[in-house]
Amino acid sequence: MISCDIVIIGTGPGGESLATRLAGEGLDVVAVEAELVGGECPYWGCIPSKMMIRAADAVAEGQRVRRLGGSAEIHPDFSMVAERIRREATSGWDDSAAADRLTQAGVRLVRGRGVVVGERTVEAGGERFSARRGVVLNTGTAPAVPPIDGLDSTPYWTNREAVSAMQAPASLVVIGGGAIGLELAQAYARFGTAVTILEVAGRILAVEEPESSDALRDVLQSEGITVRESVSIDRVDHGDDGFTVSLSNDEVRAERLLVATGRRARIHDLGLEEFGVDTSAKNLTVDDDMSLVPGLWAIGDIAGRGQFTHVSMYQAGRVGDVLLGRDPGPYDTSFPRVTFTDPEIGAVGLTESQARERGIDARTSVSQIPASSRGFIHGPGNDGFIKLVVDAERDVIVGATSAGPTGGETLSLLALAVRAEVPLGTLRNMIYPYPTFYRAIESAW
Ligand SMILES: Cc1cc2nc3c(=O)[nH]c(=O)nc-3n(C[C@H](O)[C@H](O)[C@H](O)COP(=O)(O)OP(=O)(O)OC[C@H]3O[C@@H](n4cnc5c(N)ncnc54)[C@H](O)[C@@H]3O)c2cc1C
Ligand SMILES: NC(=O)c1ccc[n+]([C@@H]2O[C@H](COP(=O)([O-])OP(=O)(O)OC[C@H]3O[C@@H](n4cnc5c(N)ncnc54)[C@H](O)[C@@H]3O)[C@@H](O)[C@H]2O)c1
């Protein structure tokens, strides 16, 4: 039995930053990682997908020159971004640099799968570790693949294949119109792939405001992407001519198929049930300090408070504070998030329907980016809007959406307003620089 202060199972963004911080504070930290140090985000998630999006947006923006300032001939070359992802983002999916950073920070890195085998005790890499302070779980998610007939026996893509492909396929069918499906669908389409999105719900991006779904659907369709909502998929087949997805009345064919239908938390093979942790739900249930039971914490996607890198890192900060004897303060429930399509869909707090479900007397207002001075000046690619959800009783914004060319950045002001419950009167009595995109917030009152 090897003793230490803390064992962290899984080094996603939260686990990695927590391990580094605690080791820096002099704690004896063991981090266990089954795949790559850093988790999904740097190798198969945020970073490579946003690199694809950056390249795809440059292609789209280049084409807009024709409507703004001259002639341009763009020949999209997917191999350039594929190579950039391989070389600059992932070093060929090699985590040596991240592993070295961790060990140089004083963390003991154990390669292998960790399992909780006793109170504050973990088995990993053929050893047993006894952690005086406890164990932090940061095991993340895997793609949730729906039980569609035939799908299992086909060479479908998940996010991993989609961000590590060296060539753009001629055609792609995307099952799932959520964040992953929409971001990658648009990126591939801008490199010339004929894309069809199949969404089972009544609208794409169904977790956000209906206005977000409408704005995005219009843009995607205008770029030649086929968006089909409320579909029911009967089966999937694969042969020499690619994939065939059979729907109720017709079928869709494509060279490649991407499954992007949500994520499944990796919580079932950690031995947690032995210690009174309920693993019957989709995610673990934690308190505001991310504690499951005494001496056991969970952070990141498995903690059920949003599957985002910034959430994972925020939660790591809270556990770090607790372990270092500092008060982490109240949990930030404002929940800012951005879908990095073009237009970017930034959102914070409650949607209108969520606010009403909570019994809030919700007043909403919307302003359109193309109708703002900056949107007008911007011209092509100016789609978007600002939507505010105001608690009429308290006169504060409880939710907001900022869709547009800089929707994610414009969100920052709204995120602060929701987080700090800034009185609407203050936001009204404020000078908004002309002609910024965020002046559209003022017009939305
Ligand atoms: C395509 C894509 C794009 C995304 N884009 C964004 C974005 O733009 N912005 C954003 O905020 N979020 C984005 N996300 C989500 C983001 O990647 C995750 O929320 C983020 O990685 C946080 O996950 P995590 O900390 O829970 O752990 P993960 O990143 O999932 O890492 C968990 C780690 O634990 C390891 N592990 C699992 N089980 C064990 C075990 N038993 N023993 C040892 N190790 C184990 C795994 O190997 C993995 O390395 C995206 C996700 C995808 C798939
Ligand atoms: N920009 C970002 O921050 C970003 C980007 C990508 C992913 N993420 C995170 O990763 C998570 C997972 O992304 P995701 O897109 O896989 O999940 P998601 O839950 O966001 O979307 C999945 C979509 O698939 C649909 N779906 C489910 N089963 C289906 C079926 N059988 N047929 C057709 N459609 C079906 C759902 O209705 C939903 O719209 C996101 O929720 C988000 O938290 C974040």
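Placed from the backbone N, Cα and C atoms, the Cβ positions cover glycine too.
Bear in mind that TrEMBL entries carry predicted annotations, made automatically and left uncurated.
It should be emphasised that the depicted structure is a prediction, and the values quoted were computed from it without experimental measurement.
Look at TrEMBL and you will find K50, G114, D301 tagged as FAD binding site. Under the heading NAD(+) binding site, TrEMBL lists G176, G177, G178, A179, I180, G181, L182, E183, E199, G262. According to TrEMBL, the feature disulfide bond maps to C41-C46. Look at TrEMBL and you will find 5-316 tagged as domain 'FAD/NAD(P)-binding'. Summarising the annotation, TrEMBL assigns domain 'Pyridine nucleotide-disulphide oxidoreductase dimerisation' to 336-443.
Shown for the domain 'Pyridine nucleotide-disulphide oxidoreductase dimerisation' (336-443): DSSP residue counts in helix, strand and coil, namely 38 helix, 33 strand, 37 coil. With a CB cut-off of under 6 A applied against ligand 1, none of the binding-site residues G176, G178, L182, E199 are retained.
The sparsest Cβ neighbourhood within 10 Å, among the listed binding-site residues (E199, D301), is found at E199.
Each of the binding-site residues G176, G178 was scored by other CB atoms within 10 A of its CB, and the lowest score goes to G178. Recorded residues E199 (NAD(+) binding site) and C41 (disulfide bond) have their alpha carbons 24 Å apart, per Cα-Cα distance. G114 (FAD binding site) counts 25 other C-beta atoms within 10 Å of its own C-beta, drawing on all protein chains shown. Looking only at other Cβ atoms within 10 Å, the busiest spot among the recorded positions C41, C46, I180, L182 turns out to be L182. Each residue in the domain 'Pyridine nucleotide-disulphide oxidoreductase dimerisation' (336-443) has a pLDDT score, and their mean in this model is 97. Under the three-state DSSP scheme, G178 (NAD(+) binding site) falls in the coil class. For ligand 2, the recorded positions lying close by, meaning a CB under 6 A from one of its atoms, are G176, E199; the full candidate list was C46, G176, E199.
Long-range C-beta contacts of K50 (FAD binding site), restricted to its own chain and to partners at least six residues apart, with a cutoff below 8 Å, comprise F340. Nearest neighbour of G114 (FAD binding site) by Cα distance, taken over the recorded positions C41, C46, I180, L182: C41. When the C-alpha distances from I180 (NAD(+) binding site) to the recorded positions C41, C46, D301 are tabulated, the minimum falls on C46.
Of C41, G176, G178, L182, all annotated as recorded positions, the residue with the shortest Cα distance to D301 (FAD binding site) is C41.
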